[in-house]
Amino acid sequence: MFDFASYHRAATLADAINLLADNPQAKLLAGGTDVLIQLHHHNDRYRHIVDIHNLAELRGITLAEDGSLRIGSATTFTQLIEDSITQRHLPALCAAASSIAGPQIRNVATYGGNICNGATSADSATPTLIYDAKLEIHSPRGVRFVPINGFHTGPGKVSLEHDEILVAFHFPPQPKEHVGSAHFKYAMRDAMDISTIGCAAHCRLDNGNFSELRLAFGVAAPTPIRCQHAEQTAQNAPLNLQTLEAISESVLQDVAPRSSWRASKEFRLHLIQTMTKKVISEAVAAAGGKLQ
């Protein structure tokens, strides 16, 4: 039995915001895959709970007429994987969701929880970065929209105040032609394991050149990151193996991995360069291009 000091089930989003404001120690419970572990270990910081699991305002995937997408923060990873909209418009996000844990976890774990947990290994963070998502955040002070790039502020930390709730992810319209994206995860096991290194890439091609490249890595720095030096190297560069090699060298200026029991810093640097080539090659192929 969990040792709750207080438990409140929010009836609406407004109710949840008020409950958070009235309970400064409260933690949100959506999927529960992180919070319940803390409760199991009797973490005193998780004894006050506001349950938002059943809030309709936090769920659903919608496509607007202009091609922009909205994904509710409490949407589960299984829902992301199975939805035709995300399959068509955000394939790297679907691939990342498919790499998370196992079916039982994906059935309950939420997209928003994975991002707000703040872990650099969060598998959904890198595709969210390459698709330039904005986060819709509600609080007693109103609504604000912030870019995903910069939302992670340190290990286990995000730019979210206690009385704020991440309500939805908003994705800008994606070009329909000559674009491709991919996600790749390296872990010690094929399933039920967190990333040793994770990455995602999105590219737009134009007449045999990189018109744009977006590259993101997880577990390559204290937070999930976009790789600015690598992206600049690709800008308007020819679509060939020499450019790919140059990008894999430039990416070393963007990353700062550490050694841990999972992998040494040196091995992670090797993985980063190797995975840069792999994920970009897959994104180029998805865009209909070929590296010569």
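Going from the start of the chain as shown, residues are counted 1 onward.
Even glycines carry a Cβ here, placed using N, Cα and C.
Under the heading FAD binding site, Swiss-Prot lists 27-34, 109-113, I165, F184. Per Swiss-Prot, the feature domain 'FAD-binding PCMH-type' maps to 1-176.
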Least surrounded among the binding-site residues, given as Y111, F184, when other CB atoms within 10 Å are counted: F184
Count of other CB atoms lying within 10 Å of the CB belonging to G113 (FAD binding site): 24
Cβ neighbour count (within 10 Å, all chains shown) around L29 (FAD binding site): 21
Cβ-Cβ distance under 8 Å to A109 (FAD binding site), same chain, at least six residues away: G31, T33, T76, F77, I100, A101
Number of Cβ atoms other than its own within 10 Å, given for G31 (FAD binding site): 22
Packing count at T33 (FAD binding site) (other Cβ atoms within 10 Å of its Cβ): 19
